[in-house]
């Protein structure tokens, strides 16, 4: 018997080498779906090829797919479909071995109405009219590098072309750090606002949220992150999702090395400070004793969507930065990362294999590596055992301004002026509002004064705006509630939508309003986002 993962698929027929074979769907698991068990009428020997054909239909509730009506798109003319398979949603789109430990090349033909365009995480291999329907076109794709599948069936184009102008430089910088780019082409696709992630590193075709178009440096960070995944995530992949820090921690490390090369070491240090704050927020949200804040997690009977946080990204980066300092600096440690990528390229890896290679590569520094608190870093919940000492040059102005507001009495409010924030660049403004979020809620008078002098309500940068609106709601500024709910629903990026809904829900006077607004907009949200927000708002079913 041969088993494939499937979830909510309607299987009509399975054949092997043209011969109809028996199949059965096993017991349904609450989030893993039902195993598709296929019985072949002949024995398979190692290396033998067999062509298995499966006729099936997806469900309208497939969590890998979001079907958008024309009015849910920016152009308002045509419907839109995109897939988002990470971590275990591909099984709702195609029967497969839905694990990062299994990679394969693929060839695909996609038939779509002729006014639409199909794209995949692969090289375009031509197109032709559909012989069975003159109103449709067949697009062909091939992916010669072993990878994972994604499907998407020209919004924001002018704005995006300007915003993404540095992409080629980033790609060349990444190659100089991590080795040759093996995927042939690198395209960026701006998705509709409901896309739940900042970006998704599909081979050849990075998906990005439109929320970064107004994001200044935050856009550069998203693109640099997804480009870096071409090496750590796509070329070298965590074997299971328990080891996702191998994908995300290394990717953040390379992303910040790109910032170092293109901008400055001070910026890399500053981004490390911001990342530590994101880690603190994730640990606070899950609870400092929650095993899901371990770097290496145990996901037995845990839904990967519910386990998602910034822990693998930022705890992973903090460990790599700590090792960088111990091993001799960024150039020395990036040499290890590049060598690690070359050794495990086209395969998958576990934390133990990574650690063994670290000890092999730095064999002359094993005594130092032996002193690292590996259990504290890898298998202990909460914040890491060591806090990196980052250069605070870029952060000092943000910290000083934050503390002025925290300590200000009513009579001090007149001392704040527009000039306070004019001298901060975009990343520093994000850091300033992020610091305020870590403090006790400001008095309402302070928040109103801040709006009066800084005009933060009119800032388009989404990273600033979503933090600012949370500050306002926490201060119980009722006028901010509709603005927060508007931002939570006019886009669907989980990083923004979930905290904004939670913030309004925690303002007890508006808890019911948060629930009502969510229910009104639920159908427009991505199914995973909707599931997690419903959980946050304690809505059953």
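Quick reminder: no glycine exception, Cβ is built from N, Cα and C everywhere.
Those TrEMBL annotations? Automatic predictions, nothing curated.
What TrEMBL says about this one:
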- 226: active site, proton acceptor (ACT_SITE)
- 313: active site, proton donor (ACT_SITE)
- 84, 85, 86, 196, 197, 198, 199, 200, 201, 493, 494, 495: peptide binding site (BINDING)
- 225, 229, 248: Zn(2+) binding site (BINDING)
- 393-537: domain 'Peptidase M1 leukotriene A4 hydrolase/aminopeptidase C-terminal' (DOMAIN)
Cα-Cα, whole number of Å: residue 229 (Zn(2+) binding site) versus the residue listed as 'active site, proton donor'?
12
Taking each of 84, 86, 197, 199, 313 in turn, which of these recorded positions have a Cα lying within 10 angstroms of the Cα of residue 248 (Zn(2+) binding site)?
313
Within its own chain, what residues at least 6 apart in sequence put their Cβ under 8 Å from the Cβ of residue 197 (peptide binding site), listed in sequence order?
84, 207, 209, 493, 494
Using a Cβ cut-off under 8 Å and a sequence separation of 6 or more, which residues in the same chain sit near residue 86 (peptide binding site)?
200
What mean pLDDT does the predicted model reach across the domain 'Peptidase M1 leukotriene A4 hydrolase/aminopeptidase C-terminal' (393-537)?
95
Using the alpha carbons only, what distance in Å do you get between residue 201 (peptide binding site) and residue 226 (active site, proton acceptor) once rounded?
5
Looking only at the domain 'Peptidase M1 leukotriene A4 hydrolase/aminopeptidase C-terminal' (393-537), how are its residues distributed among DSSP helix, strand and coil?
113 helix, 0 strand, 32 coil
Which listed residue (201, 226) has most other Cβ within 10 Å, given these are recorded positions:
226
If I take the Cα of residue 313 (active site, proton donor) as reference, which of the recorded positions 199, 225, 226 has the closest Cα?
225
Rounded Cα separation (Å) that holds between residue 225 (Zn(2+) binding site) and residue 199 (peptide binding site):
8
Sorry to bug you, but what's the C-alpha spacing from residue 226 (active site, proton acceptor) to residue 199 (peptide binding site), rounded to the closest Å?
7
Around the recorded Zn(2+) site, report the further residues of that chain (criterion: Cβ within 8 Å of the mean position of the Cβ atoms of 225, 229, 248; site residues excluded), sequence-ordered.
199, 201, 226, 228, 232, 233, 247, 251, 252, 255, 313
Longest CA-CA distance among 84, 85, 86, 196, 197, 198, 199, 200, 201, 493, 494, 495, per record bound to peptide, angstrom:
18
